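Okay, so Swiss-Prot annotates it like this:
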| type | residues | note |
| --- | --- | --- |
| BINDING | Ser10, Gly11, Asn12, Ile13, Ser159, Ala160, Gly161, Pro162, Gly163, Thr164, Arg165, Ala166, Asn167 | NAD(+) binding site |
| ACT_SITE | Cys128 | active site, acyl-thioester intermediate |
Amino acid sequence: MTTKVAIIGSGNIGTDLMFKIQRLSQTLEVAALVGIDPESDGLQRAGRLGIPITADGVAGLLDIPGFDQISIVFDATSARAHVANAAALEPFGKQLVDLTPAAIGPYVVPAVNLEENLAARNVNMVTCGGQATIPMVAAVSHVAPVAYAEIVASIASRSAGPGTRANIDEFTETTSKAIEVVGGAHRGKAIIVLNPADPPLIMRDTILCLIGDADHDAIRDSVHRRVAEVSEYVPGYRLKQDVQITTVTDDVPLSTLGRVSQ
């Protein structure tokens, strides 16, 4: 018995999610793909797969036959659109998974805090950069207090559709906040780079944590354990290089970090 889901947003993220569920999931079934452009590539491809589609947004989803059988709705639109979508769907008691930076519900990073948010009706998946990096910040903060954490997410420009590009500011704000709330850093900062390299590169992220005295081996062990946990649900997730730890003595000025973390 599969759980029926709907996906709002027929752009890159929504379409990719649709194919991942169709090809890989044994527990979920895509019962609808929702967009606003009847000529969008995502809706066309879903139609060819026999998946019910609508180009009338969330209003069209409410009218799709079998809507009452849908249990989970993934929203892959934009931060602003999700606010309206969540309000429209609230009376129907659906589980909402927010793939935008709107963050109406709690931030959820599965390897860190999934269990404590299972009862939430609207969960926010932060951002792609947040999902990749926050587990590492949390791994460090599990061993030692993190005064400041900074992440740089570099993704292929081709993978960023109009929705992602329109949400760059929200991306940095939401990810920065989640670094603090979920990652455990006192202050967080996020930077996104859309790399136009061709052929497109695989997403890479860099994480910097500023901590006090700590057991270096314990930090490395914590990071490696968390990498193993994430790789269980994100195939291919790995450290590109081993954990680097640099001791900063009192006579070395932290000119940049000092200004940011004050």
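Numbers here mean position along the shown chain, with the first residue as 1.
Quick reminder: no glycine exception, Cβ is built from N, Cα and C everywhere.
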Using Cβ-Cβ distances, find the residues under 8 Å from Arg165 (NAD(+) binding site) that belong to the same chain and are at least 6 apart in sequence, listing them in sequence order.
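Arg165 (NAD(+) binding site) has long-range Cβ partners Leu194.
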Express the distance between the Cα positions of Ser159 (NAD(+) binding site) and Cys128 (active site, acyl-thioester intermediate) as a whole number of Å.
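Computed Cα spacing between Ser159 (NAD(+) binding site) and Cys128 (active site, acyl-thioester intermediate) is 11 Å.
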Taking only the Cα atoms, work out how far Asn12 (NAD(+) binding site) lies from the residue listed as 'active site, acyl-thioester intermediate', in Å, as a whole number.
13
When you look at Ser10, Gly11, Asn12, Ile13, Ser159, Ala160, Gly161, Pro162, Gly163, Thr164, Arg165, Ala166, Asn167, which the record names as binding NAD(+), what is the longest CA to CA distance in angstrom?
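Value for the max Cα separation, rounded to a whole number: 16 Å.
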Within 10 Å of the Cβ of Gly163 (NAD(+) binding site), how many other Cβ atoms are there?
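Around the Cβ of Gly163 (NAD(+) binding site), 19 other Cβ atoms lie within 10 Å.
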Hey, how far is the residue listed as 'active site, acyl-thioester intermediate' from Asn167 (NAD(+) binding site), Cα to Cα, in Å?
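That separation, Cα to Cα, works out to 12 Å.
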Of all the binding-site residues given, Ser10, Ser159, Asn167, which has the fewest Cβ neighbours within 10 Å once its own Cβ is left out?
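Among the binding-site residues Ser10, Ser159, Asn167, the sparsest Cβ neighbourhood within 10 Å belongs to Ser159.
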Around the Cβ of Gly161 (NAD(+) binding site), how many other Cβ atoms lie within 10 Å? Please give the count over every shown protein chain.
17
